[in-house]
Every structure is written in structure tokens, then in C-alpha cells.
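**Q** Once you've had a glance at the structure underneath, I'll fire off some questions.
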Amino acid sequence: MAEIEHIVVLTGAGISAESGLATFRGPDGLWEGRRVEEICTPEALAADRELVLDFYDQRRRALASVQPNAAHKALAFLDRHWPGELLIVTQNVDDLHERAGARRMLHMHGELLSALCGACEERSAFGGDMIGGPRCTACGQDELRPDIVFFGEMPYEMERIERALMEADLFVSIGTSGAVYPAAGFVQMARHAGADTLELNLDPSAGSLYFHETRIGPASALVPAWVEDVLATASSA
Ligand code: APR
């Protein structure tokens, strides 16, 4: 492995699958049997607020019964021990990376445990149900919506992510199907800027051909093994 200092890790629903959270695509996926446009768009929220809030209320409740798995824990270990730059970018809206102890991370598609006020646009920590009309802690209006980036909306922190991708020596994608942009394009951005690229996934993703290397298997096995390798490289450098 060439000498590396800057690492960007991208995670998707596959990293939380072994914790018991459903992925989006595939036979048991959240989008199977549902039309994404009826749930995950600003238009859906305007057309059927109850349906959208209920979908995310159920997913928020599901967080209470799951725990970080070996893959989240290994990334948190990497976060604490990697001597160079590291950024973990997750498309996931669960809080399993944080609960495992990761700090140098961001949620590009928002968070279930956050609310966005439709009136004042304030983002605030939120743990309950949105059906029932809780009020914004900042402005007092009852226009809270899940702080989730819907299809057609701009993901969070894109400038910071793009900067990190430009500087990356290594880009690693974990548990994502590569079906949704802009995240699906990160591998090409990092590669064009000179990074080595590695995919860890249960199945080859839509963008597998763009990676220098793809390892196929469950995240709970592949991620701890990769973290061990990359930390061994750092300590022998
Ligand atoms: N270990 C590793 N990978 C796994 C595992 C596992 N145990 N289980 C499933 N996977 C892989 C699947 O093979 C698939 O490629 O995880 C990927 C999950 O893909 P998606 O369900 O499409 O999830 P994701 O890529 O995160 O979706 C991207 O789509 O609707 C949206 O906004 C939502 O952030 C989400 C985005």
C-alpha cells in the first residue's frame, strides 16, 4: 500500500444491515413495494404529511432496539487511532457511527434524531414522534419535518466533502449500492484526484468498475480486517 495520510470513508445502509436496520434496495429493502416519490420528496411531504412523518417516526423508533456492529466499532477505532486526516461520510440517517464512538464524521443525508423546522429552518435534536405536531424549540411553530435530505434536495456538507475527496490518498466505500448521486460519484472524484479506491460490500455495487479494488463480504468481517491492515501500515511507516 502506498503511503497514506488522508482517508475518506463513505458508508451506506449496508453497514447497518447486520445491526438489524433494513437497507433501501433489494428484496427486503425499505423501497421495495413503496414508491420513493410518495415518501422521500418535498412534494410527498406537502401531499401527505401524515404518511411521510409516520414512515420516519417508525424508523426513528427502530433505533431504540439496535446496536452498533463490529463494522461501526472498527471505524470508530480507526477514527480514534488514525494519525492522519480522516473523514467518515455517511449516507445513513441512523446514529450507529456516533454510538460506536466515531467523531470525525458527517451525515450527508441528514439524521433521524434531528428535526428541521419548516417555518424558521432551525435544526434541533429530536427524539420523539412527529405525528401529533410537536413544536419547534426555536420559533414555537408546529411545522417540524424530519431532518432528512429528500430526493431533489441538496445533501449536507458538500463543500467539505469535496475538499476531503480532493485531498484523499485513500477512498473507501462501505455498504452502499452506488445508486444515488452525488455519493455514487465520490469514487470517481477521489480517483481523478489521485486516491487509491477500495470498495467493501456484500455485492458488487453499480460503481464497482470505478474502484481499484472490491472486496465482497459482510461489513462486520471486511471492515475490522481493513482497519487492522490500514493501522498496521500507519504504525510501520
Ligand atoms: N455488509 C456489507 N454490505 C451490505 C450488507 C452487509 N452486511 N448488507 C447489504 N449490503 C450492501 C448491499 O449489497 C447494497 O449494495 O449494502 C448496499 C445497500 O444499498 P442501498 O439499500 O441502496 O443503500 P444505500 O446505498 O445506502 O442507499 C443510498 O438511497 O434512498 C436512499 O437516501 C437513501 O442514503 C440512502 C441512499
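Using the three backbone atoms N, Cα and C, a Cβ is placed for every residue, glycine included.
Annotation comment: TrEMBL describes 1-233 as domain 'Deacetylase sirtuin-type'. Taken from TrEMBL, the feature NAD(+) binding site applies to 12-31, 91-94, 175-177, 201-203, A219. Marked as substrate binding site by TrEMBL: Y56, R59. Marked as Zn(2+) binding site by TrEMBL: C117, C120, C136, C139.
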**Q** Do you know offhand how many angstrom separate L202 (NAD(+) binding site) and C117 (Zn(2+) binding site) by C-alpha?
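**A** About 37 Å separate the Cα atoms of these two residues.
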**Q** Would you mind sorting out which binding-site residues among S16, Y56, C117, C120, C136 put a C-beta under 6 angstroms from ligand 1?
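**A** Those binding-site residues that pass the cut-off are none, since no Cβ is under 6 Å from ligand 1.
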**Q** Taking the Cβ of C120 (Zn(2+) binding site) as the centre, count every other Cβ atom within 10 Å, in any protein chain shown.
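**A** Other Cβ atoms within 10 Å of C120 (Zn(2+) binding site): 12.
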**Q** For S16 (NAD(+) binding site) and Y56 (substrate binding site), what Cα-Cα distance in Å is obtained after rounding to a whole number?
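**A** Cα-Cα distance, S16 (NAD(+) binding site) to Y56 (substrate binding site): 17 Å.
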**Q** Suppose the Zn(2+) site is C117, C120, C136, C139. Which further residues of the same chain have a Cβ inside 8 angstroms of that site's Cβ centroid?
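**A** Other same-chain residues with Cβ inside the cutoff are G118, A119, E121, E122, T137, A138, G140, Q141, E143, L144.
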**Q** For the domain 'Deacetylase sirtuin-type' (1-233), what's the mean pLDDT in this predicted model?
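**A** Taking every residue of the domain 'Deacetylase sirtuin-type' (1-233) together, the mean pLDDT is 95.
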**Q** Among the binding-site residues listed here (D28, C117, C120, C139, G175), which has the Cα closest to the Cα of Y56 (substrate binding site)?
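**A** So, spelling it out, the nearest of the binding-site residues is C117.
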**Q** Spatially, and counting Cα to Cα, which of the binding-site residues is closest to R59 (substrate binding site)? Options: G12, F24, D28, G175.
**A** F24
**Q** Spatially, which candidate from the binding-site residues F24, D28, Q91 is nearest to C136 (Zn(2+) binding site), comparing Cα atoms?
**A** Q91
**Q** To the nearest whole angstrom, what is the C-alpha distance linking D28 (NAD(+) binding site) and C117 (Zn(2+) binding site)?
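**A** It is 32 Å, counting Cα to Cα.
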**Q** At 10 angstroms around each C-beta, which of the binding-site residues S16, Q91 has the fewest other C-beta atoms nearby?
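**A** Selected from the binding-site residues S16, Q91 on minimum Cβ neighbours within 10 Å: Q91.
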**Q** For the binding-site residues C117, C136, C139, L202, which one has the sparsest Cβ surroundings, going by other Cβ atoms within 10 Å?
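**A** So among C117, C136, C139, L202, the binding-site residues given, the one with the fewest Cβ atoms within 10 Å is C139.
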**Q** Can you give me the Cα-Cα distance between C139 (Zn(2+) binding site) and G20 (NAD(+) binding site) in Å, rounded to a whole number?
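**A** Rounded to the nearest whole number, the Cα-Cα distance is 36 Å.
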